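Below: the structure, in structure tokens.
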């Protein structure tokens, strides 16, 4: 039974010997066997093999290796190869033993002690010129087998053989895009040749698609998923020291073409057909374009209709169109290998496109003389029909009517010489094109031109000279050129050159920035010397330069200051208060003087506006007041000197208040007022004074004099006992000034005097500390009722009197003595 089965299988039932051969076993499988003896009575018990038995042939040493060959011989090495023995003796080969024998010796010697399993070996370190023969044996688990047959005697020397090349491909190879291709062959040569692949004379390198495989005898270049760029001339070179061989193959990777090149050009458009054209594909796919397929489609439908599928021209007529419908055209290119992607046109409406020609662009006028001019224009779009004539018209710039310059046809030339112009008149020209449909719109008018002979460059300016200078500028002046070249002088170019330099620098960049015959050159360096020259410019160009005769040293020209007074500073100025004061003068001097204004030798009031220009100065005070009067002085000063002028300014105004108002000689019905004239009479003579009074209990002032020229007044008609205030103001021709008022009220009473002395003073009683006195009234009371009597006493021998008291009656008792 098989070792992995339980069932026993009978092998034989009639064996009478003590051995048996079991047939039909499977090599490599394990089996158990059992045997039972049988007699007439029956079968005895089985006896079983103690362990499984694996079925295999009996093991011997291997056969001899086969095909021992010499692959390479040099002066100091030999390379051998061989094939395994036909039978390995029933066990795997464990190693090979390689042996050599020097010719002339008897014994073979083992070449290497290493355990060698490869079937190729190079014996090195041999002596040049020695001759050997070789044999090889195989070993397995049992032992070493018979040696192979010996090689022929091999002498150690370098083998040389020129390269040979046997190619498997033809001169030309055509491959479809995306397919792989390979170029293979065989080669030989001693020493081993070097293999090189080139494409279009450039070395081929391996990448994801390009594979190069070279064995000692074969060579191969393979390209996966080829593209059009793989087309080219491939070359393989096999080369060693004895020579080289080359093989060539022209590979053409072909594909369907790329789309035709757009845009689709609509050469003709009609109501029922169109003519379109296009350009061939940029890439014909490596094969000649054999055909173009043209289709049309109504822009509002999805259906493409064939026009032609058999044309090699790049133009096609699209027939059977419906007028007014919009169409699209698509075009395919075809070659031997397929049809390209399409080129699709823009939408185009089918309608007749013939019309009158477009208006030409603005014409250009050249070769102008006093009686003629040449008009030049570009051909416009012809409207679909060829242009048959051009119409040239002229008009004077200020006129409104255009006139044809000739009735003769003008074609095909696009320029015309217009005759019969009036010298000095300004003209414009325009051009229209005509075809069989009609006359198109005229062009824009040309730029206006004057009919006059062409101008030449002017002659140089006349007599340039330096007329003024400062520390950084020079003023130049000259006369116009004698000949303007028949053209208006646009202006002048001024140039300067530092003495010692070669370069002339421009003082102005354009002629129109200096239209006058003078110019100030600025930005010069103080102390340096410069040359100057001037050129005149007209439309024809620049004249020859005219030079300032002598170099000019740049420094300030000193001129002492000069003042030219305006009328408002020539004499004493009178200004009415509230008006504007203006003082001004023209100032000269080089360099321009420093200007300063003073009033009464002090700074001018901040309310004054002072303006200084390059030619003078002005002082202005608006809304003048009386205090703005005084002596105003203007001083101008430069390094060459100084000059001062003064003017007295009187601001005319109302006078100030009178001074020192005094009241005297007060009576019961009058008083006397005196005062002094005001400090400020307002610049005008005081004409009169106004005197007013007021009862202190009243709010109203009453005039008591308004025409007094004197500085005093007798106030009459006062009411006795009433208290009064008085005030006085001065008047001049400009009005009444402020009032001055009495400081305290004045009572209208007659003047008072001290009373006379009491009469008949005597004592009537005496005590040790007091005295009783009596007296009589005085003769006069001084104009007022006596209000009391003052009693004084003095100790005998003393100097001073001591006040006792004031008493109302005519008696008194003095106590405390």
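Cβ atoms here come from the backbone N, Cα and C positions, even for glycine.
As recorded in TrEMBL, the features of this protein are as follows:
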| type | residues | note |
| --- | --- | --- |
| DOMAIN | 1-58 | domain 'Fibronectin type-III' |
| DOMAIN | 64-159 | domain 'Fibronectin type-III' |
| DOMAIN | 163-252 | domain 'Ig-like' |
| DOMAIN | 259-353 | domain 'Fibronectin type-III' |
| DOMAIN | 359-454 | domain 'Fibronectin type-III' |
| DOMAIN | 460-557 | domain 'Fibronectin type-III' |
| DOMAIN | 561-646 | domain 'Ig-like' |
| DOMAIN | 657-751 | domain 'Fibronectin type-III' |
| DOMAIN | 757-817 | domain 'Fibronectin type-III' |
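Pairs of Cβ atoms less than 8 Å apart link the domain 'Fibronectin type-III' (64-159) most often to 1-58, out of 1-58, 359-454, 561-646, 757-817. Across the domain 'Fibronectin type-III' (259-353), DSSP helix (H, G, I), strand (E, B) and coil residues number 0 helix, 50 strand, 45 coil. Helix, strand and coil counts under DSSP for the domain 'Fibronectin type-III' (64-159) come to 0 helix, 45 strand, 51 coil. With DSSP states grouped into helix (H, G, I), strand (E, B) and coil, the domain 'Fibronectin type-III' (1-58) comes out at 0 helix, 16 strand, 42 coil. The DSSP breakdown of the domain 'Fibronectin type-III' (460-557) into helical (H, G, I), extended (E, B) and coil residues amounts to 3 helix, 44 strand, 51 coil. Applying DSSP to the domain 'Fibronectin type-III' (757-817) sorts its residues as follows: 0 helix, 29 strand, 32 coil. Regional average pLDDT for the domain 'Fibronectin type-III' (1-58) in the model is 85.
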